[in-house]
Amino acid sequence: MADNPRSGKHEAREPESNGFLADLFAPVAGFGVTFATMFRKVQTEEYPEQKRPTQLRFHGRHQLNRHPDGLEKCVGCELCAWACPADAILVEGAGNDDATGQRFSPGERYGRVYQINYLRCIFCGLCIEACPTRALTMTNEYELADDNRADLIFTKDQLLAPLQSGMLPAPHPMVAGMEERDYYQGKVTGATDAQREWVDEHRGDDADAADPSGASDASDNAARAGAAEGRTA
């Protein structure tokens, strides 16, 4: 009966030797990399004391933008919510009413309720592409960690861009003689004296209170403004 080469035990092979000196210094060669690294500059980033700047088109926390006079760009169309693959956005629109002084956007409607659940958001940017008015963009802010899940559901007050110079907190009338399309064509460059008089007459000291992200918080939130309005996904 012929011997089966696959049967029986395999004999262990002794490791080949490269010579006495080579075997002697082999462990030392491995430590050479360690010793060389000890004299190099440390590459560790001391976060959060030192933060690496993000790229210009970084996908960070969302921002609801305003027109130059302070009216909101969001028209409550809910297209961003429909485009979100993670079902992280909740929008409830409402109608603007000039008769009662409740105008928040130049359009027929505005976003009365706006929430983004950052426990679900995957920062894909599809909501930015779906927005027809450039109301929603993404900033460079990425520090969203929290120890409370409820605090990671951002509301409209938290997402609205801070008021800049020349803006008035909504609600207030549109610029006289301007239509909705004029706002998106860049013809409105800031709040007018007539708008300021209307705010002083109808709201007075409550002007800032009407918008929690109003002028009183503009300086504190300036760093959170992040990306410019023209940033795309």
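Glycine is no exception: its Cβ is also placed from the backbone N, Cα and C atoms.
If you check TrEMBL, you get these features:
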DOMAIN    64-94  domain '4Fe-4S ferredoxin-type'
BINDING   CYS84, CYS121, CYS124, CYS127  [4Fe-4S] cluster 2 binding site
DOMAIN    112-141  domain '4Fe-4S ferredoxin-type'
REGION    191-233  region 'Disordered'
COMPBIAS  194-206  compositional bias 'Basic and acidic residues'
COMPBIAS  210-233  compositional bias 'Low complexity'
Could you put numbers on the helix, strand and coil content of the domain '4Fe-4S ferredoxin-type' (112-141), residue by residue per DSSP?
5 helix, 9 strand, 16 coil
Which residues, same chain and not among CYS84, CYS121, CYS124, CYS127, have a CB within 8 angstroms of the centroid of the CB atoms at the recorded [4Fe-4S] cluster 2 site?
CYS80, ALA83, PRO85, ALA86, ALA88, ILE89, ILE116, ILE122, PHE123, GLY125, LEU126
Binding-site residues: CYS124, CYS127 - member with fewest neighbouring CB atoms within 10 Å:
CYS124
Composition by DSSP (helix, strand, coil) of residues within the domain '4Fe-4S ferredoxin-type' (64-94):
5 helix, 9 strand, 17 coil
What same-chain residues, at least 6 away in sequence, bring their CB to under 8 Å of the CB of CYS121 ([4Fe-4S] cluster 2 binding site)?
CYS84, ALA86, ALA88
Neighbouring C-beta atoms (10 Å sphere around the C-beta of CYS84 ([4Fe-4S] cluster 2 binding site)):
21
Mind looking up the mean pLDDT for the domain '4Fe-4S ferredoxin-type' (112-141) in the predicted model?
96
